[in-house]
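Encoded as structure tokens, the structure appears first; notes follow it.
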Amino acid sequence: MAKGKFERTKPHVNVGTIGHVDHGKTTLTAAITTVLTKKFGGEAKAYDQIDAAPEEKARGITINTAHVEYETANRHYAHVDCPGHADYVKNMITGAAQMDGAILVCSAADGPMPQTREHILLARQVGVPYIIVFLNKCDSVDDAELLELVEMEVRELLSKYDFPGDDTPIVKGSAKLALEGDTGELGEVAIMSLADALDTYIPTPERAVDGAFLMPVEDVFSISGRGTVVTGRVERGIVKVGEEIEIVGIKPTVKTTCTGVEMFRKLLDQGQAGDNVGILLRGTKREDVERGQVLAKPGSITPHTHFTAEVYVLSKDEGGRHTPFFNNYRPQFYFRTTDVTGSIELPKDKEMVMPGDNVSITVKLIAPIAMEEGLRFAIREGGRTVGAGVVAKILD
């Protein structure tokens with residue numbers, strides 16, 4: 001089959017499958033690509049193509065992730081599926097594949113299992129905003145009451161972790177039947193219902209360029225006669241010449257004005273998300289700005305030192321620590337472009353954290369960082385990455 005040309009006519013959404021091992025995440029991923037390809041074009045992926053997920057590196061951590069894409073009537077989706085539980089933990093914490101919504105796959109025969117619960121908790125902690133449920137293997141459950149019971153259990157579990165359990169779409173089906181071309185209620189029909197749920201329940205995400213302006217400071221120069229130039233890559237939003245901006249983090253927040261935007265040595269009237277630019281600041285001295293701060297739209301982001309986080313600690317094989325760490329461990333936290341020292345407080349029931357674990361922690365930094373929930377960071381010791389984390393909740 002000839003490869004179709006990729007047309008950016010439909011809005012793009014990132015999703016992924018989550019759930020307990022052997023509940024059918026990869027089979028469902030294969031079924032979605034197969035059924036939607038028949039209907040809307042694209043490229044079907046077989047189970048073994050998805051299961052042999054290539055290794056990637058994100059923040060120095062090796063993760064196996066399979067990426068597939070498919071289209072529905074209204075949208076283009078990029079979908080991630082991970083072979084092993086550890087890959088999910090790493091993927092969600094590093095944000096290697098950020099999800100606008102997740103498809104929770106739960107076997108109707110088993111009901112919610114430990115990883116079902118852990119993936120819902122992780123989704124909550126790392127800020128996955130929406131979950132849709134695919135109740136899989138319904139062909140192997142004859143008892144309608146049992147199905148209802150499993151559905152209730154899943155809804156209760158979602159509500160427990162602050163997802164709207166009662167309003168969450170739950171699609172009942174069999175990924176295996178759909179993959180085999182079964183056109184019945186549990187086969188292709190269920191996949192089409194799932195596609196419809198994706199289209200209607202997950203809102204189209206805000207594009208980076210529509211957000212409030214934010215640029216992490218990478219470098220600062222002084223240009224005689226012109227003032228101070230700050231360089232970096234615009235993370236989101238747009239900055240226009242003449243606009244007021246704030247310098248946030250590390251030191252007290254100050255306001256300044258953008259008097260010029262340069263890209264590839266050319267002057268522009270604005271810089272936008274994705275651009276590598278130099279921004280000229282009026283009346284700002286070179287020593288007023290440093291790497292690790294951000295330039296931002298006034299009032300859009302604030303500096304903090306105290307927060308809770310979900311972290312993954314690298315195993316020894318991944319180049320992480322060889323020994324556990326304990327309460328009050330003081331590593332460096334690498335946010336965007338710089339390291340800040342901080343101390344870690346472990347949960348009451350945790351005496352120590354072993355390499356390869358994931359854990360919820362509380363952190364106190366020695367200097368404030370421009371921060372919002374969902375911000376990713378690395379944990380380092382002497383320049384070497386020993387963990388990855390995401391801000392779950394700001395405390396101060």
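Count begins at 1; order follows the chain as displayed.
Yeah, the Cβs are placed from backbone N, Cα and C, and that goes for glycine too.
Between the stretches 124-127, 136-139, 216-219, 296-299, Swiss-Prot puts its region 'G4' entry on 136-139. As stated in Swiss-Prot, the feature region 'G1' covers range 19-26 out of the listed 19-26, 315-322. Looking at 73-76, 81-84, 153-156, 289-292, the range annotated in Swiss-Prot as region 'G3' turns out to be 81-84. Annotated by Swiss-Prot as region 'G2', the relevant range among 60-64, 140-144, 200-204, 370-374 is 60-64.
Across the region 'G3' (81-84), the model assigns an average pLDDT of 86. For the region 'G1' (19-26), the DSSP counts in helix, strand and coil order read 2 helix, 1 strand, 5 coil. Just so you know, the Cβ of Gly19 (GTP binding site) picks up 27 other Cβ atoms within 10 Å once every protein chain is counted. When DSSP labels each residue, the region 'G4' (136-139) comes out as 2 helix, 1 strand, 1 coil, counted as helix, strand and coil in that order. Sequence-distant neighbours of Cys138 (GTP binding site): residues of the same chain at least 6 apart with a C-beta under 8 Å from its C-beta are Ala108, Leu147, Lys172, Gly173, Ser174, Leu186, Ala190. Nearest Cα neighbour of Thr26 (Mg(2+) binding site) among the listed binding-site residues (Gly19, Cys82, His85): Cys82.
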